[in-house]
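Accompanying notes for the structure given below.
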Amino acid sequence: MWTFMLLGLLCASASASAIQARSSSYSGEYGSGRGEPFSHAALQLQGPITAIRVRVDSFNIAGLQVRYGKVWSDYVGGKLGDLEEIFLHPGESVIQVSGKYKYYLRKLVFVTDKGRYLSFGKDTGTSFNAVPLHPNTVLRFISGRAGLFINAIGLHWDNYPRNC
């Protein structure tokens with residue numbers, strides 16, 4: 001009798017974990033394998049993505065910084081080029097990211113659920129288009145590689161945070 005109860009409890013636990021795991025997905029890594037790795041995984045606990053800063057020079061995406069809730073990530077990348085900053089509207093989320101890369105990222109386009117296209121950089125290189133695997137999920141955090149420029153980017157998708 002206890003064996004069946006334990007087996008039932010284990011199956012229910014495994015089923016709940018499988019359901020929860022199906023909401024998250026990963027796209028990338030787009031770009032080269034050079035540069036130092038970075039990840040904003042812990043910052044997603046501060047809240048949803050609320051703003052994005054991108055530094056763009058004549059050819060490449062030089063740097064990147066993302067605000068989670070009210071907390072800015074560390075700046076990654078180089079200091080060349082112009083710094084551009086875009087704030088998301090309250091409740092707005094990124095639902096698609098596309099861009100181009102060669103040795104470094106050259107272009108990034110963030111598409112929001114409010115129909116906005118937030119575009120940075122130049123339109124040259126190999127194209128990529130990233131969307132979440134599961135419906136009703138959004139961009140939760142960014143990872144990648146950086147040096148003097150942004151070498152590569154990874155995009156992590158999951159449900160919009162419930163506590164916001």
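In case you wondered, yes, glycine gets a Cβ from its N, Cα and C as well.
Just so you know, TrEMBL annotations are computer predictions that nobody has curated.
The following features are taken from TrEMBL:
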type: DOMAIN; residues: 24-159; note: domain 'Jacalin-type lectin'
type: SIGNAL; residues: 1-18; note: signal peptide
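Averaged over the domain 'Jacalin-type lectin' (24-159), the predicted model has a pLDDT of 97. Residues in the domain 'Jacalin-type lectin' (24-159) partition by DSSP class (helix H, G, I; strand E, B; coil) as 6 helix, 81 strand, 49 coil.
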